[in-house]
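> First the structure, then my questions, so here it is.
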Amino acid sequence: MSGDHLHNDSQIEADFRLNDSHKHKDKHKDREHRHKEHKKDKEKDREKSKHSNSEHKDSEKKHKEKEKTKHKDGSSEKHKDKHKDRDKEKRKEEKIRASGDAKIKKEKENGFSSPPRIKDEPDDDGYFAPPKEDIKPLKRPRDEDDADYKPKKIKTEDIKKEKKRKLEEEEDGKLKKTKNKDKDKKGAESDNKKKKPKKEEEQKWKWWEEERYPEGIKWKFLEHKGPVFAPPYEPLPEGVKFYYDGKVMKLSPKAEEVATFFAKMLDHEYTTKEIFRKNFFKDWRKEMTNDEKNVITNLSKCDFTQMSQYFKDQSEARKQMSKEEKLKIKEENEKLLKEYGFCVMDNHRERIANFKIEPPGLFRGRGNHPKMGMLKRRIMPEDIIINCSKDAKVPSPPPGHKWKEVRHDNKVTWLVSWTENIQGSIKYIMLNPSSRIKGEKDWQKYETARRLKKCVDKIRNQYREDWKSKEMKVRQRAVALYFIDKLALRAGNEKEEGETADTVSCCSLRVEHINLHPELDGQEYVVEFDFPGKDSIRYYNKVPVEKRVFKNLQLFMENKQPEDDLFDRLNTGILNKHLQDLMEGLTAKVFRTYNASITLQQQLKELTAPDENVPAKILSYNRANRAVAILCNHQRAPPKTFEKSMMNLQSKIDAKKDQLADARRDLKSAKADAKVMKDAKTKKVVESKKKAVQRLEEQLMKLEVQATDREENKQIALGTSKLNYLDPRITVAWCKKWGVPIEKIYNKTQREKFAWAIDMTDEDYEF
């Protein structure tokens, strides 16, 4: 029963009895006396509230007897019309009492007896409201209303003065409350500003703390807005001309669009390559009208200069945009991201990685790809397959178009797919690396690599035994597995000839790719590797191998031509099947992941010195990371701006050295003054100069470490191994152990990708 309801009932009944009190003044005093007694009884009851339910019943009986006495005293003096009012009040009181008794009875039936609370007692006497501490109304107008209600008395001068004083106090209290509220409001606003990032962190989905879905099930609900298509082609201005054989020629819109793709790349090395030019011209002619085909027969006679200059000017104009123009573009992009860049997966908002469909253009490929220069066609809604859940709203295609297909497959992770025209491969729109699906896949990958740790010795013993096998196929497989384990080579995939660049992996090594040296640079049994690896990046390495491996390689190369396969009895299918037999889920990539992660962990233990400062520890980490990148052949060409950035860094180092020399001279001078003066002021100056020297020494060391790091990493790509092959928990544990801020190792994107590892890893984690 609510406190307001009890209060109202007691108020009505009190007013009702007040009318009789004017007629019976003597009885009024008696009632007041009884009221005080009752109040005392109630306070005692409250103190004894921890006693048994039987005591509660006794107190209620006494309470009811008092009520009967009161009713008898009042009824003898009342008029007939007031009897009816009183009967109504009685019925109301009985209902209240009945509800209170029922509650107590219910508690008894449930097998427990709770101590009586004032909140649960029926307000039978009608003279006062229940005390503040027991009844908690939702809202009360002011503090004074919470005091016990007292029967009305005939007003006297003292009462009037008291009331006036209370009103004044109340006004003062209200003013104070208003001021406090304003302060609280301001404080709350400032707190909200401070706490905003925390709130965002709290909202991050900690999927790693939840139970995983059954094997094969990727999601239960998926809804998204579909892809964003490339904008339609905008024809060139009239002033931008295309020339063929020295004459102006107006191209049809389709032919002009493809011509602009070549014009944009005119200064690039690609446009000088014969295969690129040949493929481009062939596909461009397909887009021409018959008249254009008859005229344009030789690419060398085409002049794209004005087109190229127009796009350069456009690029320069974008760079010279005002802040307002740049802000407007940024806002438009953010609006697009907000609408299309997120999906709802299992009641969580997940970021989409690539929601924009790639615009049409010319295919470049990796390395010397045989299809470079071919036209990548514009993708239309009719090429698109949408994947979402059955109960989700299917995204609407652009007006006048329709989707190729809508699927509801929760065993795949892609949202949108289409087939590109160059290689016939399927392209996908997937979730961001920070999503649950990608995070779970990463976690599983590193856990599989950790499982390999338990059986790697057994596998190594097995392939060593197989080096002596009578079967040539088994020997070749064992040597290939040794290279995958020791050198982190890729197993390779089956390729169609002429479809891709001539890149080589372990199973596709040819005789021409290795040289055997019984002795080289003071080492025995050295194998020299030289072949184009993934993305046509050269793999060059001189590795000392075990004697039996060297002898087997000599055997495999017997009576073979340079272009013949080294492992002629082996392919990736045979090797991968063998790996699966050794351990469930084992692939060449698992070996690379295992060797990369274990190398990082070992290198960090060797290189990290406990007494080093943070910049020195970061240098140690990068050196450990570099060892992994070299193992995995993660190379890169030195950045174009490398020399310039190194010169700038060296200038900073030289300037810092000059500052340090000046600071040391100042310190020496201050020490000399302190010896002569011998006062507190000069001592303070010396301390200040000392701190300045220390600060400059630290700054100089940071710059020198940075220069060393850049020089060592100019041709090594650390990011590839950090993102794809190194268990992030090794890095997180190292950071926590040595007090290195995780922000110094992982950037914002990487921290989002590895949020699961950052949250769950302690400093004592071992791979």
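The backbone N, Cα and C atoms fix where each Cβ goes, glycine too.
Positions annotated as active site, O-(3'-phospho-DNA)-tyrosine intermediate by Swiss-Prot: TYR725. What Swiss-Prot lists as compositional bias 'Basic and acidic residues' is 1-23, 40-110, 131-168, 181-201. Residues or ranges marked as compositional bias 'Basic residues' by Swiss-Prot: 24-39. Taken from Swiss-Prot, the feature domain 'Topo IB-type catalytic' applies to 434-767. Look at Swiss-Prot and you will find LYS174, LYS282 tagged as N6-acetyllysine, backed by similarity to another entry.
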> Over the domain 'Topo IB-type catalytic' (434-767), what does the predicted model average in pLDDT?
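Taking every residue of the domain 'Topo IB-type catalytic' (434-767) together, the mean pLDDT is 88.
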> Taking every protein chain in this structure into account, which of the recorded positions LYS282, TYR725 has the most other Cβ atoms within 10 Å of its Cβ?
TYR725
> For TYR725 (active site, O-(3'-phospho-DNA)-tyrosine intermediate) and LYS282 (N6-acetyllysine), determine the Cα separation and express it in whole Å.
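Cα-Cα distance, TYR725 (active site, O-(3'-phospho-DNA)-tyrosine intermediate) to LYS282 (N6-acetyllysine): 41 Å.
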> Reduced to three states, what secondary structure does DSSP give TYR725 (active site, O-(3'-phospho-DNA)-tyrosine intermediate)?
coil
